[in-house]
Structures are given as structure tokens and as C-alpha cells.
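According to TrEMBL, the active site annotation covers Cys80. The annotation active site, proton donor is assigned in TrEMBL to Cys80. For Cys212, the entry in TrEMBL reads active site, proton acceptor. Annotated substrate binding site per TrEMBL: Asn18, Asn71, Gly81, Asn82, Asn185, Glu202, Arg203, Gly213, Thr214, in sequence order.
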Amino acid sequence: MNSITLPIPFWKMSGAGNDFIIIDHRKPLIPQERMAEFARLVCRRKFSVGADGLFLIEPSTRADFKWRFFNADGSEAEMCGNGARCVARFAYMHGIAAARMRFETLAGIVEATVADTTATIKMTSPHSFRFDRQIEVGGQLFMVHSVDTGVPHAVIFVDDIDEVDMVGLGRQLRHHPVFAPMGTNVNFVGRTGDGFRIRTYERGVEDETMACGTGVVAGALIAAVKGYADSPVAMVTSGGIALTVQFSGKKGTDVDQVLLKGPAHLIYRGELTSESLIA
Ligand SMILES: N[C@H](CCC[C@H](N)C(=O)O)C(=O)O
């Protein structure tokens, strides 16, 4: 099989605790047919760098650049809200794009604005809203809403978010036949005195992550349609960091200009070696 050119410089970044490996791949280093395997190997915690996902930054004829995004399990996904903020700051700091930029994803063109260690993302248009589907898992009935905010999301409002069995319920809902064949990310949203908390079981990480940007957008838009919130909506994620969603247009499913704002932190720079890939 074609070889991988090593060592490979990378940045390790964190968007509210959702962490990523980002590589400037404008000169090809990893053969296309080995990208998924490469992503799975470098995203392993303890055995390699460890991350929720991998971004490869590539040239684009339609925007400032294009990304290839892989979840930790090697599955390629269309969009990632926290990753978009990290990639935007990476591109800006590498001189690949100006502070205001446009980049190509499998979900469409995403616009971003970087400001120091934060970034604001203009999300792709949300679609496929579904409301009030009663789904039984684990002997419990849940009222499930869903929307695609670049990737598919289920949203469930709960009374006590700390009581949710994230792995047990999250896994069953993520694989539920209702969401076949692509599956879904699963978000539990709790309403607190002064706002919202959200916990996400992420497709492709197959676990709860510290934050999920597209999940926060899903939770905020559905809360608005249900009349629980107005723009701007702040949601505190599992890692304790709040992400903010702004949207314009009539309250409801035909919003436009959906903006996600939050941190994009550079944790460290490194070099991937052959030992990063030892299976
Ligand atoms: N794991 C998700 C993609 C990343 C979503 C999340 N990390 C975000 O910040 O939006 C999926 O395969 O649907």
C-alpha cells in the first residue's frame, strides 16, 4: 500500500474540550486510501496523540481551502462546529487564509471569522427538522427531536441532565433504527435557572465528548422552535465551557445566518512519527 510520508508536523487544538489533530496537507503526505486508518491510529488516546478527530487541510478551487475531517473511529464526517473554529484559527495562523475566511467541507462552504483565541462560524443551513417522536430505549420513553446541522443530531430535553446514563442511552439512541442508516449524534439538554446545559454522545467518537458544536446549534435551534429560548442562546457543555448560537430570521425552522461562537485553543505543536502509528 502507498506509504505515509513521516514525520508529519501537526497542531493539537481544543474547541471547548472537543480536541483535534490538525495537519497542513496542502502537499499530500497521507495517501487517500490510508486516511481513515491514519485517523483512527493517531486519535487513539494513550497509544498515540489522542483526539476526537483529525483534520487534513487541502487546497480548494472554490474557497480559501478545503478540509477532510475524520472522527476518532476513522469515519469521515461532513461538518464539525468545534473543529471549524480550530481549523479557522490554524489556517489564519499559518497564513493559509485571512481572519475572515471561507472553506469547503462535505456539508458545504463554511464561513469563519477568527478573533484572537476565539472564532465565529457561519454554519451551513440546518435541515431535516423533526419534532416530538416518542422513542423507547432502556425501558424508558423519550420525546426526541432531530435536525441536521451539518451532521445529524437528536435532541432530548431532560429534567436532570446529571442523571442521564450517557453511554447506555446515548449508544442505544445513536444506533436506533429510526436514525438508520447514517445514525445520529445524541444531545441531552437540561434547562437551568439562567440557561441551558448540554451533554452529547458523539457519532464516530462513540462516547460523550466535552463539547459538540453542531450539537449545541441543534439544541439551540430546537429550543427556539419549542419556545424555550431566543437568539442568542448560550449552552454550557460537558467540559464547563459555554458556546453561543445566534440566528436570525423568523423563529422556527427557517432560520438563516446561524452563527456559532466559542474558543479555539492551540494546546501544542508536534511531529507524528512512525511510532505514532504503531497499531
Ligand atoms: N462526530 C460528529 C462530527 C463532529 C461533531 C462535533 N465534534 C462538532 O463539534 O460539531 C459526527 O460524525 O456526526
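Cβ atoms here come from the backbone N, Cα and C positions, even for glycine.
Computed from a predicted structure; not experimentally measured.
Rounded to a whole number, the distance between the Cα atoms of Cys212 (active site, proton acceptor) and Cys80 (active site) is 8 Å. Under 8 Å, Cβ to Cβ, and six or more positions away along its own chain, Asn18 (substrate binding site) finds Asp52, Gly53, Cys80, Asn82, Gly83, Thr209, Met210, Ala211, Cys212, Gly213.
Of all Cβ atoms in the shown protein chains, 35 besides its own fall within 10 Å of the Cβ of Cys212 (active site, proton acceptor). Around Thr214 (substrate binding site), the same-chain residues six or more apart in sequence whose CB sits under 8 Å from its CB are Met79, Cys80, Gly81, Met123, Thr149, Gly150, Val151, His153, Asn185, listed in sequence order. Under the three-state DSSP scheme, Gly81 (substrate binding site) falls in the helix class. A strand conformation is recorded for Asn185 (substrate binding site) in the three-state DSSP classification. Taking Cβ-Cβ distances under 8 Å and a sequence gap of 6 or more within the same chain, the neighbours of Arg203 (substrate binding site) are Asn71, Ser75, Ala77, Val151, Pro152, Arg174, Gly183, Thr184, Asn185. Using a 10 Å Cβ-Cβ cutoff, Asn185 (substrate binding site) registers 27 neighbours.
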